[in-house]
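So that you can see what the record holds, here are the features copied from TrEMBL:
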| type | residues | note |
| --- | --- | --- |
| DNA_BIND | 21-60 | DNA-binding region |
| DOMAIN | 84-185 | domain 'CoA-binding' |
| BINDING | GLY95, ALA96, GLY97, SER98, LEU99, GLY100 | NAD(+) binding site |
Amino acid sequence: MVQSSKKIQGVPEPTIRRMPSYLAFAEGLLRKGQQFVSSTQIANYMNIDPTQVTKDLSYTTIVGKTRVGYEVKALVDVLSEFLGFTIMDNAFLVGAGSLGSALLHDSGLSHFGLNIVAAFDVNSSTIGKKFNDIEVFHIDQFRDLSQEMNVVMGIITVPAENAQTVADLMVAWGIKAIWNFTPARIKVPEDIIVQNTTLYSNLAIIFNKLHNDRKEVL
Ligand SMILES: NC(=O)c1ccc[n+]([C@@H]2O[C@H](COP(=O)([O-])OP(=O)(O)OC[C@H]3O[C@@H](n4cnc5c(N)ncnc54)[C@H](O)[C@@H]3O)[C@@H](O)[C@H]2O)c1
C-alpha cells in the first residue's frame, strides 16, 4: 500500500543524498520482479549499516514487515513521491555551451522531476538551436519567457565571471531555486535556494585518496 510521503523539512542532507540510490536500487528490484527487500539487502548494496537504512526510511511513510522487509513497489512509489520526482518542476538553463548542452541532452533529469523548458545564451551561433527539443533563446528574452512559463528553477552553466549577473537576473524574474554549476559563489537573497554542483570537487577527493594511497605504498 502506498502512503503519502512525509514532509521533507528536517531530513538530514546525507539522508536525502542517499534517497535517489535507494530508489534506483528498488526500481532495479521491481524490474526483476522482486516483491520484498530487507534493510540488510539495501544496506549491502549501499555499503552502509542496516540501521542507517531503517533510520533514513523512517523519514518516509514506508513501513517494513517483520521478516520480509519493505514491499518493493511501495518503496519505489514512496521514495519517488518523497523526492518530489512525481511532481515536474520547470527550469531555465542559462549558458548552452559544452556543459549546458550536455545537461539539455540528459533525459534522466526529467525522470527526476526536472523539466527544462528553455535555454538562453548570448552566442549568436547557439541561439535558435535545439538540444533534445529544447530551444536556445537570446538571454534578453529571459524576462518575457519567465513570465510566460511557470519556471521555478534556474540552472547556471555560463563562465564563472558571468554567474552573478545571471543569478541576479534569475532572482529579478522570480526564480526560487538556482542550480549553480559554475565555480563562482553567487550571492542571492536568503529565501532563494542555491545548490552548487561541481564534478571537480569529487575529482579532487578521488585524486587526494589515490595519491595518499600511493604515498602509503611508497
Ligand atoms: N559543475 C561542474 O562539474 C562543471 C563541469 C564543467 C564545467 N563547469 C562550469 O560550467 C560553466 C560552463 O562551462 P562550459 O565548458 O560549458 O563553457 P562553454 O564556454 O562551453 O559554455 C558557456 C556558455 O555560456 C554562454 N554565456 C556566456 N555568458 C553568458 C551570459 N551572460 N548569458 C548567457 N549565456 C552566456 C556562452 O556563450 C557559452 O555558450 C563554467 O563556469 C565551467 O567552469 C562546471
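Each residue, glycine too, has its Cβ placed from N, Cα and C.
Known features from TrEMBL, placed on the structure.
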{"residue": "GLY95", "record": "NAD(+) binding site", "Cβ within 10 Å": "27"}
{"residue": "ALA96", "record": "NAD(+) binding site", "Cβ within 10 Å": "27"}
{"residue": "GLY97", "record": "NAD(+) binding site", "Cβ within 10 Å": "13"}
{"residue": "SER98", "record": "NAD(+) binding site", "Cβ within 10 Å": "8"}
{"residue": "LEU99", "record": "NAD(+) binding site", "Cβ within 10 Å": "16"}
{"residue": "GLY100", "record": "NAD(+) binding site", "Cβ within 10 Å": "24"}
What same-chain residues lie close to the DNA-binding region (21-60): Cβ under 8 Å, and 6 or more beyond its ends? 5-6, 8, 11, 15, 68-73, 75-76, 78-80, 82-83, 85
For NAD(+), residues beyond GLY95, ALA96, GLY97, SER98, LEU99, GLY100 with C-beta within 8 angstroms of the site's Cβ centre include exactly LEU93, SER101, ALA102, LEU103, ASP121, THR157, VAL158
Helix, strand and coil totals (DSSP H, G, I; E, B; other) for the domain 'CoA-binding' (84-185): 35 helix, 31 strand, 36 coil
The domain 'CoA-binding' (84-185) [mean pLDDT, rounded to integer]: 93
